[in-house]
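Feature annotations, reproduced from Swiss-Prot:
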| type | residues | note |
| --- | --- | --- |
| BINDING | 254, 255, 256, 257, 258, 259, 260, 261, 262, 277 | ATP binding site |
| BINDING | 380, 412 | Mg(2+) binding site |
| COILED | 526-563 | coiled coil |
| COMPBIAS | 1-17 | compositional bias 'Polar residues' |
| DOMAIN | 248-518 | domain 'Protein kinase' |
| MOD_RES | 186 | phosphothreonine |
| REGION | 1-127 | region 'Disordered' |
């Protein structure tokens, strides 16, 4: 393709200098390469750090990257416009006659151009849209472009600079996609994943139909980044300062488990006490990383409930996961059971019913979110000895928000999974239901009921449960071990029903919170409490009426008692007056008033 050069007359600012003809040559792009001809290295632009440009700069006596004026004014790619020769020769650069032969000419080493080169700045999308390097299409160029797109190799126009930019790593601030975790326990996670699949399908169709269209390489990259699914952020070392040391003051270590250790800390800002769980070993890339993230996901979805340990925040430091939770001043149920076993003092039946009812309410809330805990046991039940206000959280009609002295809360949500798409991580085998061991995940909520029954039975004084063996199988067959206290038969029957070998026969968490055994003695339903309250209010209203009547009668009696004394006092005063001080010559008026 032949392009006729066009002469451009430039009038210099110095009137003593003769005008010069500045020739512009256009080189072929890589789209019109002939077999055995140029490979596109002689394009309009060249990388400043390439060996060819460095050699040319040394021969011409230029500093790397262009003239000294260009280096002073350079602020980004395309920020310095193409200057006329007169603009170059008005500065402190060499004279016009010395640099006149250096105007752009066709040389074996490639063309030179006064356009400043800036290797550190990536080509901008808006700069490409100017199409400064496009040439009229020929049938051969269109066919070659169609073949390039069909082979999924989108080629850049513009020569070496853009091909090198394609190979170079893309800056994070240009096409970076926000990396966020997708919470698997939220309903939106399914919509996000499905929408990502639809976007990928649309992109494939777009690439197949784009052979005859003029597509920009940068646009394709940007679209690919937009529809790419979000990547999971691993637990890696943070660049920030230690948040644990900056925001919290550690008081003591209050527990240790398989995951890590729990510390009692005071937040420096608000002065409140929190429980911060820190993993024992780095979790990045380990098996426990998924469990740690699952616990954070579950806490974030569940929010606040009086019978679930409250979650505040979580972060990673030095590849360790830290979770800030509510501090329960009563410790765990496992600690209380161990102390009771040592002192031979066990939970009474009313206390066992209270424990069962409160934990069942927590499970009801978790199950209502289509989640299951899968690791209910005494060490994951925490005790708070503070009284909850009656306006804390709205419960069901038959549930009481809590006015007792002890509040039981469910914690350690590392094994929580979704009912619809379970990813079961087996918990403690001592409290594990048999169907879960057999990988039957159709009744996962009933597995939590099974574990709750054994937890309550352990608080009643039962021996530590086995991890396997004949006794383990006997319990899965519905046989409870003996306890060192006498319990009512109806309560024992409820516990046996909760560990039934058939998961369908076990009561649900909703049925447990309404069970008559749990609401008979120590607990009353909200409806019963309302009836009793209305009766007391009616009695109180009657008593107030009687009190008002008594007060009125007493006031009337006192008034009648003082009435004769006032009459006698007035008559005596009138008799003692024989003369009048004023109006002696006037007749006294007669009044019929008693006073």
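Heads up, the Cβ atoms here are built off N, Cα and C, so glycines get one too.
Known features from Swiss-Prot, placed on the structure.
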residue: 254; record: ATP binding site; DSSP class: strand
residue: 260; record: ATP binding site; DSSP class: strand
residue: 380; record: Mg(2+) binding site; DSSP class: helix
residue: 412; record: Mg(2+) binding site; DSSP class: coil
**Asked** Beyond 254, 255, 256, 257, 258, 259, 260, 261, 262, 277, what residues of that chain have CB atoms within 8 A of the centre of the ATP site's CB atoms?
**Response** 278, 280
**Asked** Relative to the Cα of residue 380 (Mg(2+) binding site), which of the binding-site residues 254, 258, 262 have a Cα no more than 10 Å away?
**Response** none
**Request:** Would you mind listing, in sequence order, the residues at least six apart from residue 412 (Mg(2+) binding site) in the same chain with a Cβ closer than 8 Å to its Cβ?
**Result:** 257, 259, 295, 375, 379, 380
**Request:** For the binding-site residues 256, 380, work out the Cβ neighbour count at 10 Å and name the residue with the minimum.
**Result:** 256
**Complete:** In chain order, residues whose C-beta lies under 8 angstroms from the C-beta of residue 258 (ATP binding site), counting only those at least six residues away in the same chain, are none
**Item:** Among 254, 255, 256, 257, 258, 259, 260, 261, 262, 277, the record's ATP binders - longest CA distance, Å
**Value:** 14
**Request:** For residue 260 (ATP binding site), write down the residues of its own chain that are at least 6 apart in sequence and whose Cβ falls under 8 Å from its Cβ; none is a fine answer.
**Result:** 277, 278, 279, 280, 320, 321
**Request:** List the residues of the same chain that sit at least 6 positions away from residue 254 (ATP binding site) in sequence and have their Cβ under 8 Å from its Cβ, in sequence order, or write 'none'.
**Result:** 262, 263, 264, 275, 331
**Prompt:** Within 10 Å of the Cβ of residue 262 (ATP binding site), how many other Cβ atoms can be counted across all chains shown?
**Reply:** 21
